[in-house]
Amino acid sequence: MKKRITEPVKKPAVWIGFGVLFTLVTPWYFPAGSWSPLFWGIPYWALIIIAVSLALSIFITWVVLCQWDTGADETEDER
Amino acid sequence: MNMELAFGGWSGILVLGLYGGLMLAVGLFAFLRHRGVRESLDEYYLGGRGLGAMVLFFTFFATQYSGNTVVGYPPTAYRLGYQYLVSVPFFIMIIMVYLFFAPRLYSLGRRFSLLTPVDWIDLRFRSKRVSVLAAILMLYGLGNYLLEQFVAIGQGVSGLTGGTIPYQVGVIFFIVIMVAYSWLGGMRSVAYTDTIQGLALLFGVFTLLIGSLIYLGGLPSAAATMAANAPQKLGAPTGTALTTWFCLLVLVGIGAAIYPHAFQRIFSARSERTLKRSFIRMAYMPFLTAGVVFMVGIIGISAFPDLTTAQSEQLVGMLANALANQNAFFYWAMVLLFGGVIAAIVSTADSVLLTFSSIISHDLYGRYVAPDASEYRKILVGKLVGVAAVVVLVLIAWYPPGTLYQIFVLKFEVLIQTAPALILGLYWRRLNTQAVFVGMLAGTILAAAFTFAGYRPLGVFSGLWGLSLNLLLCVGGSLLFGASPAQRERAEEIIAFPPSAAAARAV
């Protein structure tokens, strides 16, 4: 079966996903200067930013694994 | 990173000597295994396009994380508190930006045997003006980047050895070692040493974090100190701090992804699979490096409260000294940490120097001066010009000019101006060559002028103002004038994706 050729840049889901995560990884949506409650000495908003950052890494993993296949390796094998 | 470590001295010299010997051995190994390395541009500058996932990963790692990540980031976290948490996502952004151009670039790199970023620009636009301007901007940005690394090497070595090795001797020693192993094995030497250097750095930062947590108090005590003395360090950023956060995400994300030495590494991958695996690993490294050094900086807030800005620059040295006094394990761990810091600086510098030489060899000398020269000769010219540049930069590092010092500070601001040509050129057939040139030039002039004047309207960084003007001219000019039918046809042949589509259309 011929493999599907796909690039992340052409996938609306990739743009939407990165757009949403980029928006959330910038802390504009917290009350200015707020930090309470603290969890293990870390302000609540910082934990949310860390969680969104992790979500960004996981989303990158999904994009690399599922949305990127230019067939360059197959072309290489054929040579 | 100017610091004196009381625990350094001869043990520091021992570690640095062993480290230098190991790097030379790696260079010799790469040379003996690949005898023909200096006869072929592909072999010398791209490791024969055969780097595996692990080595490729560490060589990407070395382009992003330098000694400055370990020594410079904790003081910034100390001063800004949680507002500097942005250092974690901005490293992730770099991988995100890669995903918008690396897949197609890798494929084109294979198809057209691309060697350098300028090589791609030349293939796409076939314009001497655009190629030469891009080459000059890249050489300029890379030169300043190298200068920064040399200053850091000297200060790191004299700090680690407690001044036993003077600043100048430290710089010369490591530059000679670096040039020697790079000359011996080219990209393979650089990539193999990057792997060792990356491991040393990771070991160092983790030991520093664990030691700081055990002996200097954890995050709760740091939070208590901040809540009592400087609650703004705990609070969610607002106003200018929020704009800075946003600017850093964009500027570092785009800027570091298109660093010429990072861009070039895409061509070195053995396969698409290898490149993908390296990127996935890189996506999680910010937590293990930037995240760890950020925590170290935060712990410093309660361990060494009330430091002035100048004193806080010494924070990592102070923490390391405090840990080294605890027991023999931490003493040696801290010696290794500083060995790792210097290793990381050298590993960044060697990558930069190799790319610098490749642009000279292939894009300037090989394309415009002596196109018929043998590859051996092109490599030799690249190496010699690289060394000449190193000598000039070392002299600048030792005798910094009293005025116009900012000329040597511009890096990201200049390099990022090549982004529209590099990235838009991959996808947009209508892209107008003149508009690309004018945008790149105008963006650079604006970014440089704002930097020199210290002007930052709306709190937005000068590099981003330059990039905005650049994009406006580049996109606006292309929409107004488009590309000639011949240019569009040519672009179609090059960037049609998948490549078979172009062939089908041609029929």
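Just so you know, glycine gets a Cβ as well, placed from its N, Cα and C.
Curation does not apply to TrEMBL; its annotations are automatic.
Taken straight from TrEMBL:
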type	residues	note
TRANSMEM	B:12-32	transmembrane segment
TRANSMEM	B:44-62	transmembrane segment
TRANSMEM	B:82-101	transmembrane segment
TRANSMEM	B:130-147	transmembrane segment
TRANSMEM	B:167-186	transmembrane segment
TRANSMEM	B:242-262	transmembrane segment
TRANSMEM	B:283-304	transmembrane segment
TRANSMEM	B:329-359	transmembrane segment
TRANSMEM	B:380-399	transmembrane segment
TRANSMEM	B:405-428	transmembrane segment
TRANSMEM	B:435-455	transmembrane segment
TRANSMEM	B:461-481	transmembrane segment
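Within its own chain, the transmembrane segment (B:435-455) is flanked in space by residues 125, 127, 129-130, 133-134, 137, 406, 409-410, 413-414, 416-418, 420-421, 425, 462-463, 465-478, 481, which lie at least six positions past its ends and keep a Cβ under 8 Å from the stretch. Long-range contacts of the transmembrane segment (B:82-101) within the same chain, counting only residues at least 6 positions beyond its ends with a Cβ under 8 Å from a Cβ of the stretch, are 64-65, 73, 76, 233-235, 237, 241, 244-245, 248-250, 252-254, 256-258, 262, 266, 279, 282-283, 285-287, 289-291, 293-294, 297-298, 422-423, 426. When each of the listed stretches B:12-32, B:44-62, B:167-186, B:242-262, B:283-304 is scored by C-beta pairs under 8 angstroms to the transmembrane segment (B:461-481), B:242-262 comes out highest.
When each of the listed stretches B:12-32, B:44-62, B:380-399 is scored by C-beta pairs under 8 angstroms to the transmembrane segment (B:329-359), B:12-32 comes out highest. Panel annotation: around the transmembrane segment (B:167-186), residues 16, 20, 23-24, 26-31, 34, 37-38, 43-45, 47, 150, 153-158, 161, 192-193, 342, 346, 349-350, 353-354, 379, 383, 386-387, 390, 394, 397-398 of the same chain, lying at least six beyond its termini, place a Cβ under 8 Å from a Cβ of the stretch.
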